[in-house]
Amino acid sequence: MTPEEFRQSLAGQGLNLTDEQMQQFELYYEFLVETNKNLNLTAITEKNEVYLKHFYDSLLLALTVKDLQTEELSLCDVGAGAGFPSLPVKIAFPQLKITIVDSLNKRIKFLQELTQKLNLQDVHFHHARAEEFGGKRSVHRERYDLVTARAVARMSVLSELCLPLAKVGGRFIALKAQKSDEELKNAQKAIEVLGGKVIADYATELPQVHDERHIIVVAKEKETPKKYPRKAGTPAKSPIE
């Protein structure tokens, strides 16, 4: 997907990017690939692939969950890595207030430099484990309208890391490359225990390559019990299932 195809495909979905926004995506690509020579941020570095499998893939979130396009929402991106999905969404919809949490300080430094280069406002960074960031004494607990994760971890694990950060009435949104009904079924207990309820499971695909994508939306209906999330590493080792 060339940058022009990226722009046209989004325009076909009602998302019209300005020349300035296209320039921001170009700078993002250049800085990502340059930094990736010394810091392992992504295995995808070919330009057309980055535009499709990182930038467009991230924007599927806003094309699916449409209030992201117009509302001034607070969004916490857990384990953002090289900034996906939150920073492409921020470029397209600058009114969003973004908080990024990542456990690797080198990635946080890359993202801080990147947002300065792109002149993005209202983006905050935290070098932390998600289990600590959403812990019972954390000021970030139950604070965000939306919490996102674009990760391979199981839904039961992601739910324990992300749901404590969503405010009651907010949502946790998981972006999954593949989704098995069994994985979602196994996560039901965790989602319920943590105060959530699955309200949507959108099946979509990347254009051109037709790779399957799932966007799973979990509503935060009640407060997460204080004992969750458990200490760092425990959710992955022994998920609530």
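Note: Cβ is positioned from N, Cα and C throughout, glycine not excepted.
Quantities reported herein were computed from a predicted structural model and do not represent experimental measurements.
Positions annotated as S-adenosyl-L-methionine binding site by Swiss-Prot, on the basis of sequence analysis: Gly79, Phe84, Ala130, Glu131, Arg150.
This view paints the features noted in Swiss-Prot onto the structure.
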residue : record                               : Cβ contacts under 8 Å, 6 or more apart
Gly79   : S-adenosyl-L-methionine binding site : Val101, Asp102, Ser103, Ala130, Ala149, Ala151, Leu161
Phe84   : S-adenosyl-L-methionine binding site : His54, Asp57, Ser58, Arg150
Glu131  : S-adenosyl-L-methionine binding site : Glu160, Leu161, Pro229, Arg230, Lys231, Ala232, Gly233, Thr234, Pro235
Residues Gly79, Phe84, Ala130, Glu131, Arg150 [recorded S-adenosyl-L-methionine binders]: greatest CA to CA distance in Å: 20
Ala130 (S-adenosyl-L-methionine binding site): tally of other CB atoms within 10 A of its CB: 26
Neighbour tally for Arg150 (S-adenosyl-L-methionine binding site), based on other Cβ positions within 10 Å of its Cβ: 25
Per DSSP, three-state class assigned to Ala130 (S-adenosyl-L-methionine binding site): helix
